[in-house]
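All remarks here apply to the structure that follows.
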Amino acid sequence: MSDSVLRWTRPLAALVVIFGLWQLAGRVWTFPGYLFTPGEIARAWFASLDPETGSAVLATTLRAVAGFLIATAVALPVATVAALVRPVERILEPYIGFFFALPKISLLPLLVVWLGYSDSARITMIAVSAFFPIFVYMFAGVRGINPGYLKVASNVGASRRERFLHVVLPAVAPMAMAGVRIGVAISLIVTFAAEVVGQSPNGLGRLIQDGFSALDYDQMYAGIVMFALIGLGLDMLLRLMTRRSPGLWGEGVPA
Amino acid sequence: MTSPSHVMSTTTVQPTALRVEEVTRTFRRKGRNVQALAPVSLSIPSGQFLTIVGPSGCGKSTLLQIMGGFDTPSTGTVTTPAGPVTGPSRDIGMVFQRATLFPWWTVEKNVAWALRCGGTGRREALQRSRELLDLVGLGGFETAYPNELSGGMQQRAALARTLSLEPSVLLMDEPFGALDAQTRELMQEELIRIRQAAGTTIVFVTHDIREAVFLGDRIVALSGSPGSIALDLAPDLPRPHTHEVMRTQEFLDAYETVWACIRDQASAREPGRSERAAEQDDQGESA
């Protein structure tokens, strides 16, 4: 009881202290117009809660989630096959190596040339960026399956289906989830870039960029907070999914 | 397929549960062929508790993997009354060095899964799983997750899972190697008790001579490398027994015989064999 209370109260107390000092500093010295105190940020955020911001949040979330889902849907199976089938790994290896280190955002102008200033270009950009962390984690996960698990599966005469569903999938789940969580974070980062560089007519990237052009700091701060909230929300959603099975998702998986 | 009686007898000849004939194994390592096993032949009568003992890297683990169908011999054959061993099957159960329980399931689900894979119905599998966990002394821990159990308890659960296959031969690859000394001794006595109850033929690999002599009706010492049988001994110890037996002259004699054999073999080998090389051998074996 007191343990769980402490777990919440400690970081909360730290937050209050830090924000308090920050707020206090704003009182003591006069901050320039572009430097907000926590109170001002909160005020700006509350003031921004209107349908227009709502549609921006929705547009950004949809783009990020669409790109992320495409990346996940491609990366998980491709990584699984690459990890299990040597020739496929050999074929993919040089491309993965080349594109992994490439700042994917540098492809955006090219994508715009191909697909125009469209959501196709933006979402492709997001999907390409999120693909790599998910691929790399999933690949490592499948490769890292304890060979003992597979031996047990053959010993008990598990069918291919039982082997895949009951052994391989749960064994890679923790690594897959790690990759997916990073994929979500990357998706959001790239969504902002894709909205700004990709000349998006809507979305939080547009909102922040407009705030910047108009020197409307309130709008910029509000947009940033919204971005953080989307990221927090999506990550919490993923973590909620992993709550359901205590044995699964890495808890108690030997290193 | 199974022996008509699980009662041990020294006078009547038991049918052979597993026959190893002229088995060799050569690994390819860094572009060179390394022979891990010289031709090895062994005939294991049904119901026998055979221990295979030898230093690290002598090929004993490789031999066990081949017996279980987890590795293929370079030449030679392994056969059971059911036919040649061409791959892993439920007829030959393996307990691995580290308990390979699935951490995403409770202990009883781990055992039940093995039964389900053999076609047992859901309810019956769970029922049988609980009986087996009771047999290995894990009654009350059915719904624990593997990471909530100690190393010894995990190995008990893994043993229950393998016993659920009702294998005609039970292979054990240094199953107590990772346990502390006290737990280890308890597990050895437990294994003797469980073996009395289940009556399975057991092949048990260890590098611990005391363990080998204590557990085995018959002790085979392997020398490396390549591994070959240096000694095949069936000491006449009272059965069943507890660790009390270790104070008897028969035990000490048997221990001394095995130790002398392994020491001679070791000194005959090239001196100054590095730890690292031995470790690599071990990894090669378990891979």
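Yeah, the Cβs are placed from backbone N, Cα and C, and that goes for glycine too.
Owing to the predicted nature of the structure, the values given are computational and were not obtained by experimental measurement.
If you check TrEMBL, you get these features:
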DOMAIN    A:57-238  domain 'ABC transmembrane type-1'
TRANSMEM  A:12-36  transmembrane segment
TRANSMEM  A:56-84  transmembrane segment
TRANSMEM  A:96-117  transmembrane segment
TRANSMEM  A:123-146  transmembrane segment
TRANSMEM  A:167-194  transmembrane segment
TRANSMEM  A:220-238  transmembrane segment
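Ranked by number of Cβ pairs under 8 Å to the transmembrane segment (A:220-238), the listed stretches A:12-36, A:56-84, A:123-146, A:167-194 are led by A:167-194. Long-range contacts of the transmembrane segment (A:56-84) within its own chain (CB-CB distance under 8 A, at least 6 residues past either end) are made by residues 92, 119, 122-132, 134-139, 141-143, 172, 176, 179-180, 183-184, 187-188, 190-192, 194-195, 200, 202-207, 223, 226-227, 230, 234. Taking pairs at least six residues apart, the transmembrane segment (A:96-117) and the transmembrane segment (A:167-194) share three or more Cβ pairs below 8 Å and count as touching.
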